[in-house]
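Remarks on the structure that follows.
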Amino acid sequence: MKSTRELCGLFCSEMQTLTPRVYWAQRHKEIYLRVELSDVQDLDVSIKEHILHFTAQGHGAKGSNEYKFSLEFLEPVKDKPVFKATQREVNITVQKVESQWWERLTWQLKKPVFLAPDFDRWLDESDAELELKVKEDQITKVSMESRVPQDHFHNLKRGYLFMYNLVQFLGFSWIFVNMTVRLFILDSFYDTFHSIADMMYFCQILAVAEIVNPAIGLVKTGVIPAVIQVVGRNVILFVIFGSLEEMQNKAVVFFVFYLWSMIEIFRYPFYMLCCIDTEWKTLTWLRYTIWMPLYPLGVLAEAVAVVQSLAIFNETRLFSINLPWPLRMSISFALILQIYLVFMFLGLFINFRHLYNQRRKRFRTKKRKTN
């Protein structure tokens with residue numbers, strides 16, 4: 001039979017075992033528990049038959065004592081909790097067996113008196129679903145990015161594209177400023193070719209890169225629209241203007257060069273900013289809008305130049321094709337240019353639709369983002 005002192009010792013020992021304050025929150029896949037206990041020692045956290053058992057020596061609301069509690073969860077959980085003790089608290093993470101939202105934490109309907117919501121981590125079900133979706137999207141994005149092979153020449157490609165667009169911008173800016181001076185100060189249209197041709201030759205020869213770049217995958221634009229524009233301009237520049245001295249003193253040269261340069265002084269700086277992931281909204285709007293009146297006017301000016309050159313090609317027989325025997329006939333280059341006129345307006349339709357679709361896609365995407 002135990003003495004009175006032994007019984008008192010056992011009673012006091014039982015009275016020293018206390019329950020700490022526990023805060024909880026949940027997600028669809030996890031349960032978070034935060035035990036308000038500092039200077040923890042002899043920590044033991046385990047799960048058996050979906051019941052969490054906690055025992056630790058630490059400093060809580062009732063001073064330094066041994067603290068214990070048990071929680072029988074509403075639904076099955078995995079039996080390997082993750083826990084970490086800090087100087088001020090113990091954090092426990094429990095994985096649910098099934099990803100679902102629980103209406104409460106414990107099997108018993110009445111909430112234990114030591115249990116309270118952790119409002120620092122608390123989310124409603126709808127907010128938790130949104131958080132889960134964001135995490136899944138991030139995981140998917142990281143997974144997709146890891147599957148894409150790294151491009152070790154990415155910065156080199158960007159540097160090349162930036163320098164290309166910079167050189168073209170400077171070239172067409174020089175042309176535009178020079179021709180604006182000639183228009184408003186010198187009032188001279190007819191010697192445009194002799195003043196501007198060398199720079200225009202340089203820019204249009206360099207523009208062949210705009211066919212090569214999408215062809216080898218440096219930029220994500222169509223090859224056909226680039227071919228239509230570059231080839232069309234070079235036919236006008238080198239064949240119509242460059243080979244016929246009679247055309248070089250005509251006013252149409254001024255309008256063709258001026259319209260080309262007006263388009264490019266907005267297009268190339270836009271591409272320059274894209275290379276450094278920068279956007280200027282005003283420039284973006286101009287790049288996707290200014291072409292709407294200028295591009296058809298440019299093609300119209302090119303068509304006028306072709307029509308004016310027909311009589312000259314007929315008279316000089318330049319670039320005419322002499323067919324061998326037994327045909328013994330000559331195909332005038334003027335006839336080829338007449339056929340080219342048809343394809344010129346067909347190219348206008350193709351490029352206009354391409355540019356319009358780009359504009360609609362660009363501003364539709366921006367509108368959705370702002371909403």
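For all residues, glycine too, the Cβ spot is worked out from N, Cα and C.
Those TrEMBL annotations? Automatic predictions, nothing curated.
Annotated features, as they stand in TrEMBL:
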DOMAIN    17-106  domain 'CS'
TRANSMEM  160-179  transmembrane segment
TRANSMEM  199-219  transmembrane segment
TRANSMEM  226-244  transmembrane segment
TRANSMEM  250-270  transmembrane segment
TRANSMEM  290-311  transmembrane segment
TRANSMEM  331-352  transmembrane segment
For the domain 'CS' (17-106), the number of residues DSSP places in helix, strand and coil: 0 helix, 59 strand, 31 coil
Cβ contacts under 8 Å made by the transmembrane segment (160-179) with residues that lie 6+ beyond its boundaries: 192, 195-196, 199-200, 202-203, 206-207, 209, 213, 218-219, 254, 257-258, 260-262, 264-265, 268-269, 271-272, 275-276
